[in-house]
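Annotated Cu cation binding site per TrEMBL: A:His243, A:Cys283, A:His286, A:Met291, in sequence order. Taken from TrEMBL, the feature compositional bias 'Acidic residues' applies to A:347-356. TrEMBL lists A:75-162, A:210-297 with the feature domain 'Blue (type 1) copper'. The annotation region 'Disordered' is assigned in TrEMBL to A:42-62, A:345-371. According to TrEMBL, the feature transmembrane segment maps to A:319-341, A:386-406.
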Amino acid sequence: MRDAIADETYSRRGVLRATAGTAAAAALGSAATGSAAGQTDFDGWFTDDAPGGTTDNYDGEVVDRTGEDEVTVTVGADGNGGTFAFEPAAVRISPGTTVTFEWVSDTHNVAVESQPDDAGWEGHDPIENSGFSFSSTFETLGVYKYYCDPHLSVGMKGAIVVAEGGGEQEDAVPAEYGDWFTDDAPGGAVDNYDGETVDRTGEDEVTVTVGADGNGGTFAFDPPALRVSPGTTVTFEWVSDTHNVVVESQPEDAAWEGHEPIENTGFSFSATLDTRGVYKYYCEPHLSVGMKAAIVVGPAPAEDGGGGPAGTTTPFSPLLGTVFAGAVAAAMLLPVLAGYYRRDQPETPEYDDGVEGEPGAGTQEAPVEEPVEELDHDEYDPMGTAALVAVYFLILVAMWVFMYFVEFLGNELTVIG
Amino acid sequence: MEIHRFEKLWLVASLLLIAGFVATIVYGAVGAGVAMVDNSGGQVAASDPTASSDFRDPGVYQTGDGEYDVYVVARQFSFTPGSGTPIRVPEGSEVTFHIASRDVTHGFNVVGTNLNTMVIPGQVAQLTVEFDDARSYHVACNEYCGAAHHDMTGTIEVVPAEDFDESEVAEA
C-alpha cells in the first residue's frame, strides 16, 4: 500500500494532484518522510522496462536534499560498470533549488527523458568532458527523468524529484560536517566514515568506542558520525591505548571540553550534550591517520540523506589502462614481428680462414711494420696516464674533503656523548 | 719485478690518501668530539617507559648551568614533547636527549644534522649535543612505524637565552 502511494505520488498525474489537493500533498509528505519514499521506482525508469536497462547505482534510495539551495549531481561518477553514473541517481529537492551538474569523466551529456508538463528544462545535449558543469533551477513540482545519451545502454540514467515538504523541520539539525571527513581537513580522510550518520536519537545513553578498528589500525572512533537527542549522555570508552578526545569545533554556546589527557584501554568518560548542533572531535596522537569523528545533537531533518555526497575519485582511468596494456603487448610482439619481417634476409656468411682448397681467397694479413725507435722500460714517460691518475686523485681528495669536513663536520649539531 | 717510477709515485700517493682517511676519523673522535649513540641509555619498561625510575616524565629538565636533560617519549605517531608542543631549550646549552618508545621502533632524526638515532622499545637512546645557534629544527621519525609514519614529526626550538622561559623547565 505504501508503495502504491509512492508510485502514485511520483507519476506525473500523482504529482499534479499532489500540488492541487491537500490529501495527496499529505501522501507526498508521508512519502518524503517515511521509508516508503525511498522505494519509489519512477515508473520503472531505473529498471529493465525502460530504455537502457537497469541502473546499477540506483539502490531504490531517493537522496533527500530538500531545503538546500544548491545541490550537485556528479555526471560520470563510478557506477554501471565504469564511469557511467549520475550521482546521486535520484535526488529529491525543494522547488527553486539550483542543481549543478558536474562532469567528472568524459563524453557525457544530460538528455531529458520526461518532465512535468509545464516545466521547460532542457538538460544539456552537447557531449561534454570532465571539468564541465552547468546549473539548472527547478521550480515546477514533479519528476524529471534524464539520461546520458552515449551511455544510456549501460543504464546511465537519473531522476530529480521536486517536491514540497520534508526538510523544513524547525528544530532539525542537518548532519553537515563540511570537509571534516575529507582530505581537505587536517588529518585527511576518515576511512571508517562511510557517509552514514548513525541515528541514536531518543536514547538517554549512547556509547562511542575510542580506538576501535579502522583507519589502518586501532585508530577509529566508532561510530564516526553519530546523531543523538539533546541531553543525551555520550560515554566514550577506550578499547585501545594512547588516545584522547580533542574538540575541533562545537556549537557556539556549547562548552564541551572533550578529554585531552591521553588515556589507555579501560578508560572512559561521559559528556552530556545539551546544545543542538554539530560537534567535531579527534584524537590528537592519531589525527594524522584520520581518527576523527562528529556528533550531531538534535533531530534529523526529515529524510536526512546522511551527510553530504561522498567525494568521487577516479584513481585509474580505464582508457589509460587499455592504452598501457596495448603498448606492453605491442612491445612484446615486436621481436616476433621483426623476425617475420626479416625472414628472407641471408644468414651471416661464415668466417673464411683462407685455407687452400676451400671456397674464398682468405683474408689478407696486414704487413708487419718494423719499429722506428725502440725504448727501454724506464725510458718511456706515460705522461697521459700520469695526468689521468692525477685527475682521479684530485677528484678523490675533493670528495673526501667535501664529504667529511663539509657535509659531516660542517653539519653543525653533532653527537658528542 | 720492475715497477715504473711513475707507478711508484701513485702507489705512494694512494697509501698517503688511506692514511689521511684514517687520520680524519681519529680527528673526528678525538678532536671534533664526534661520538656514536651507544647502549649507555639504559633499559626501561617497553610499554611504559615513564614507569621506570630511569626515565622521567617527558619534558625538559635543567641539570646544571647551561645543561639540560630532555626526556622524549616516541609513540605512533608523535614525539612527546616535540610534536604537540615543541622542545624548547636555550641557546648555547648542552642538551642530553633521553628518548624511549612505548610501542614500536621509531627513529629520532634532527633533520639536516648529524643527530640521528633509533628508538628501540625497552631501551633509552641517549645522546648529548650542543645547541650553539638560536633557530628551530625539525625532528622526523626515520624508522617505518606504521600507517602515519610519514606524519611523525616534531620541532626543537633553540631560543635566545634571554627569551628562555625558566617555567617551561619541569621540576626535577
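Just so you know, glycine gets a Cβ as well, placed from its N, Cα and C.
Heads up, TrEMBL stuff is auto-annotated, nobody curated it.
Keep in mind that this is a model prediction, so the values were computed, not measured.
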- Taking every residue in the domain 'Blue (type 1) copper' (A:75-162), what is their average pLDDT? 88
- Query: According to DSSP, how is the domain 'Blue (type 1) copper' (A:75-162) divided among helix, strand and coil residues?
  - Reply: 6 helix, 49 strand, 33 coil
- Task: Name the binding-site residues, out of A:His243, A:Cys283, A:His286, A:Met291, that lie close to chain B, meaning a Cβ-Cβ distance under 8 Å, keeping sequence order and answering 'none' if none do.
- Result: A:His286
- Query: Secondary structure at A:His243 (Cu cation binding site) (DSSP, helix/strand/coil)?
  - Reply: strand
- For the binding-site residues A:Cys283, A:Met291, the one whose C-beta sees the most other C-beta atoms within 10 angstroms: A:Met291
- For the recorded Cu cation site formed by A:His243, A:Cys283, A:His286, A:Met291, which further same-chain residues have Cβ atoms within 8 Å of the site's Cβ center? A:Val210, A:Gly211, A:Phe219, A:Phe221, A:Thr242, A:Asn244, A:Tyr282, A:Glu284, A:Pro285, A:Leu287, A:Val289
- Message: Neighbour count, 10 Å Cβ-Cβ cut-off, for A:His286 (Cu cation binding site): what number do you get?
- Response: 31
